[in-house]
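Take a look at the structure set out below.
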Amino acid sequence: MNADLGLWAVPLAVLGGMLRVSTPFLFVSLGECVTEKSGRINLGLEGTLVFGAMAGYGGAYLTGSPWLGVLAAGLFGVLFGLLHGFLCSLPKVNDIAVGIALMLLGTGLAFFFGKPLIQPAAPMLPAIPLGAWSDVPQVRAALEVSPLFVIGLLIAIALLFVFKRTKIGLVLRMVGDSADAARAMGYPILPVRIGATAFGGFMAGVAGAYLSLYYPGSWNEAISSGQGLIAVALVIFARWNPLACFGAALLFGGAGALGPALQSVGVTEGYYLFYAAPYVLTLLILFFTSSRTKALEGAPRELSITK
Amino acid sequence: MSETQAFVRPTPIGAALSKGAGESARRRLEAVLIPILALLAGLFAFGLFLLAIGKSPVEFYQLVYRGGFGTWFSLQNTMQRAAPLLLTALCVALPAQLGLVVIGGEGAFVLGGLAAAAIGAAMPDAPGLIGMPVMALAGLCAGGVWIGAVGALRHYRGVNETIASLLMAYIAIAFMQHVVEGPLRDPASLNKPSTTPLADQLRIGEIPGMDVHWGFVVGILACLVAGFVLSRTTFGFSARIAGGNARAAAVQGLPVGRLILTFTFAAGAAAGLAGMIEVAAIHGTANASLIAGYGYTGILIAFLARQNPIAIIPMALIIGGIGAAGGLVQRRMDLPDATVLVLQGILFVAILVSETLSGRLLPALGLKTTGEAK
């Protein structure tokens, strides 16, 4: 059945993996992009992602509909986002520290409620067979794309439009660039930031549901390997531009797919080192794009992490 | 605001005489009261969580007391668990003096354990008095270089230390698993790839008369030394100034870069030493068991202690005790093992939210800000 593709199998598997692995990066980074535009950073999205994976799987299992699972994951993500948003609105409470705490709490709650969900099988999200034109099974497999991937791309384009062309986007950017200016213009600072963080939570929850309901497509306690955190770094790399987030997500998806792709053609040596590729890549990118003396280009000026 | 405070601190004359004395007493009282209140509030909130899922909070806390603190046996168990936590908490608290949030102690812990196990396995015939210090040094250096690199990235390139340290923790864990399954694998370890087991004389023993290994003493000493250096030496003092306002510190001629590198190296060294102790006292070899989350629990403890090295000691005992009681609670109350994680997360949120009370707690209670509690 398997056509012999020789070494072509590796780039093909990387392409396929890229399309599959990138989606959670895409959703988390778009959500975090909005949060950071408002001047806050939420490091807790890693915990939201894990909880979303559990809630999405549980929701799909209980209702029989994977899409209701995605919705449940998103709504729980909103709750985590609101929690972060409200806590950080208290005076003297630091957004980075609250993010770390929620990373721990979200993961703990997900494991706590997820114990009974490890065994049962939930209905999975469908796939769009973009490779149906081909006779080669590997090509077909590589080009199976999740609807969420397409939705993510559309959200990225929509966000670009919202940031550039709408009043909501302008207010969001003003709150993130200069709270004083926004206050002077009579716009409410805290509600905008809380709303932006809730949106980020929603996107991270959906990203989690993608993990448990599409790829890898099961719920277990090792479901996330830091995607939520990498995505936060990825926003910095993408310079707070939603379309650049899309490109960065593809790049990271490809890096994450490298190890499994090589494994599929029989290269098993150094599996763990390939597994570390996305982290090394993130670190290198941070190294080359950060600057000791000046604030990052395009950074929201109220953002603590780039000051 | 914190910038001006830190800047004012070195000129004690005016400030101390006018309102400084009462102010500092008030601050000290708050520094003790607020974390205790936060801890109690967190325990109460977790009790509500248990009620909501139909479990008895009273039974839970009774079991935690019995399993973590109530008997000599459980207390020793708690101390054993607290040993690595004392050191991984320092990995967070030391950079915090400079205003850096380093959360990748897990990586330094794992690498420290790996380095110690590798060196130890390479010298099976060395006497303990030589072998163990060499292993400790290897652990210190491995962890120190790892977190020191985070400090260097921060200082020379402006890379955010929080994200960098966590990314490097993932890299360190992947590297450890690669080495343990590949180049350094003991062929005899079949199910769980491990390095060659340490010779007996290279294992850390127990404190005479107790079921607690010497690592606990090392951890306590490290916290005391760190507390002394920070509060009683010029070096620690300059670190606190730099933490308050790096620019002001640079204007005053303080070597901010050297401070960052030294503190991050020391922080990583503490976590690396914890890894060495865990290998030499508990596992006897480096393998996946090292990835047990001690680095992450250390973050919680450091924040609970409000980054004060001395306060880390009681907090590590409390959190270590809750961990030690985890098994008992799980069995008796039929709760999943993640229960402890939930409790830790709630405590973490509670302590962070309590920051908002600082400067407002005593006035709210009707106490005068002169610090005299009637």
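Note: Cβ is positioned from N, Cα and C throughout, glycine not excepted.
Given the structure is predicted, the values throughout are model-derived calculations rather than measurements.
Going by TrEMBL, these are the annotated features:
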- B:32-53: transmembrane segment (TRANSMEM)
- B:82-103: transmembrane segment (TRANSMEM)
- B:108-124: transmembrane segment (TRANSMEM)
- B:130-150: transmembrane segment (TRANSMEM)
- B:162-180: transmembrane segment (TRANSMEM)
- B:212-230: transmembrane segment (TRANSMEM)
- B:259-282: transmembrane segment (TRANSMEM)
- B:288-305: transmembrane segment (TRANSMEM)
- B:312-329: transmembrane segment (TRANSMEM)
- B:335-353: transmembrane segment (TRANSMEM)
Looking at the transmembrane segment (B:82-103) and the transmembrane segment (B:259-282), are there 3+ C-beta pairs under 8 A, with each pair at least 6 apart in sequence?
yes
Highest-contact recorded stretch vs the transmembrane segment (B:108-124), from B:32-53, B:130-150, B:212-230, B:259-282, B:288-305, CB pairs under 8 Å
B:259-282
I'm a bit unsure how to read this: which one of B:32-53, B:130-150, B:162-180, B:212-230, B:288-305 has the highest number of Cβ pairs shorter than 8 Å with the transmembrane segment (B:259-282)?
B:130-150
Of B:32-53, B:162-180, B:212-230, B:288-305, whichever stretch has the most CB pairs under 8 A to the transmembrane segment (B:130-150):
B:162-180
